[in-house]
């Protein structure tokens, strides 16, 4: 059995509530699982459901794989055939799941901070289940953030003074918001690039906005973000968007790839728009961590779920 402090949490909805020691412990635990370390022995059944109200392939499947590796009983939930379509609120849906015996909900929702309705309960409310945030609108994406931290740590062994460039549709990216905050606390130096109209001045407290080609030779990590067309309904820049022009200005092409330092890594939360954020034939290149991020996601989500199991004393864990 590995010797480390095990994290206990009642919910896992953002990374801001984690201290650095908890982040480091979760990374070590995920690395332990990846190396084939034993999963905790559950002495009583634990029921979990994945409620994804936005499209997902990687995150949904990754969570379910993590749940099954931990020995949890996964209860199917399909929002397209649920009473949500009849006007049922998220709270009422969760109340029903709680009454049926579900212990933990993994939720992705289009509304920012939807989870507050489920964990900041009023005196007359008695919902009693763990909530794991799989992404809330353009707000936070804690599991993607944590698997990103694991991937960086796995490659470099530390965070202090690493130079990380976050590039692309930053304003609409929940991944960027989670990552920039945590990277800064872990001691990395954050930089931003991409279209200025998808950058908000509120991010200045985390790092400096620069032209991409100025950053390329000095960065340790290039974190590329998907252009989120589905969140641009009221954005006048969407009509003028040109994929080839974006790739030339803000994408990693072969020329920029060759200008990166030998040890630099490229990351992307997926799905990748080929030949927009990244040249399609670089997706499986040596520097690109896209596949490794997905692999690491299963083990990090195992660590996150285990933290909630322990925090809620489920499965006989404490």
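Every residue, even glycine, has its Cβ placed from backbone N, Cα and C.
If you draw a 10 Å sphere around the CB of residue 58 (carbamoyl phosphate binding site), it holds 14 other CB atoms from the protein chains shown. Among the features that Swiss-Prot reports, carbamoyl phosphate binding site is placed at 58, 59, 108, 141, 144, 270, 271, with the record citing sequence analysis.
Swiss-Prot lists 86, 174, 226 with the feature L-aspartate binding site, giving sequence analysis as the kind of evidence. Non-local neighbourhood of residue 86 (L-aspartate binding site): empty, since no residue in the same chain at least six residues away has a C-beta under 8 Å from its C-beta. Under the DSSP three-state reduction, residue 86 (L-aspartate binding site) is assigned to helix.
Counting only same-chain residues at least 6 apart in sequence, those with a Cβ under 8 Å from the Cβ of residue 174 (L-aspartate binding site) are 135, 136, 137, 138, 139, 140, 141, 144. Every protein chain considered, the tally of other Cβ atoms within 10 Å of the Cβ of residue 144 (carbamoyl phosphate binding site) stands at 25. Annotation for residue 271 (carbamoyl phosphate binding site): same-chain Cβ neighbours under 8 Å, separated by at least 6 residues, are 57, 58, 226. In the three-state DSSP classification, residue 59 (carbamoyl phosphate binding site) falls within a helix. Long-range Cβ proximity for residue 270 (carbamoyl phosphate binding site), meaning a same-chain Cβ under 8 A and a gap of 6 or more residues, is found for 58, 226, 290, 293, 294.
Counting Cβ atoms from all protein chains shown, residue 141 (carbamoyl phosphate binding site) has 26 others lying within 10 Å of its own Cβ.
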